[in-house]
Amino acid sequence: MNDILSIAPRDKAEILAQALPYIRKFHGKTMVIKYGGNAMTDPALQADFAEDVVLLKLVGMNPVVVHGGGPQIETALNRLGKKGEFIQGMRVTDAETMEVVEWVLAGEVQQDIVGLIHQAGGKAVGLTGRDGGLIRARKLKMVDNKDPNIEYDVGQVGDIVSIDPSVVRALQDDAFIPVISPIGFGEENESYNINADVVASKLATVLQAEKLVLLTNTPGVLDKAGSLLTDLTAREIDALFADGTISGGMLPKISGALDAAKAGVNAVHIIDGRVPHAMLLEILTDQAYGTMIRSH
């Protein structure tokens, strides 16, 4: 938070005074945060994110972190001479790729996040979908967005069957910050790679979260001219799907966000993780950042 330390004392007091109503309003509430994009690869942004999560916990909120790891997985696959393939925003995951995904997400990325949170003064525990039976999954049946008669085989990519949040709630009650890798398990104990945005959205619904915040590499959802769309309803999102404005990796992100909004998550925000402390600005100020998704 070096940029915050340089702020004049009078301005700091003003910021804290503005945050107080939101601290009161969200005290005891669950905030599910999908952590991904440049915020995961830039060391300064990594430290900022960890400090922001710890701050939310210290002021009485219950942050739950679900992380991605696409760039790190891609780097590991490249080292093995294996080329990544995506269909409709989902990584095709054969058995070898699944091993790499598990190792990178649970063994590398997750532990880095947990370590940074500890360094910032918080207490974090890393989980995968196997821990406490958190995420049960099955093979994803993927059909073409435009022609449902076309089906794709994406390997060990998972579709969530159920989420048992008891282990997450137990950690929250013990003042820990859960850090979750998006890996599920199936009936035969097989592992599944699940899109982190989808996991975050489903988990936010099950936990009855106050907010779902998705950190991305863009200012939010952009129209075809590149302008930010600050507020989107289900009907508007359907139109953006139909005309191809929302495509690729944004498809599962927006679909999951909309599902969470429809299921009762009070606020769903897609914000720019490249902006230092963007999450705090979204949660603790009256300034609107990024795109807000509403069911109607």
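Cβ coordinates come from backbone N, Cα and C, glycine included.
Swiss-Prot names G69, G70, R91 as substrate ligands; from the candidate set N193, N217, N266, the record adds N193 to that same site. Ranking the binding-site residues G69, G70 by how many other Cβ atoms lie within 10 angstroms of each Cβ puts G70 at the bottom. Rounded to a whole number, the distance between the Cα atoms of K34 (site 'Transition state stabilizer') and G70 (substrate binding site) is 13 Å. According to its DSSP assignment, R91 (substrate binding site) is in a strand. Between the C-alpha atoms of K34 (site 'Transition state stabilizer') and N193 (substrate binding site), the distance comes to 16 Å. Classification of G70 (substrate binding site) by DSSP places it within a helix.
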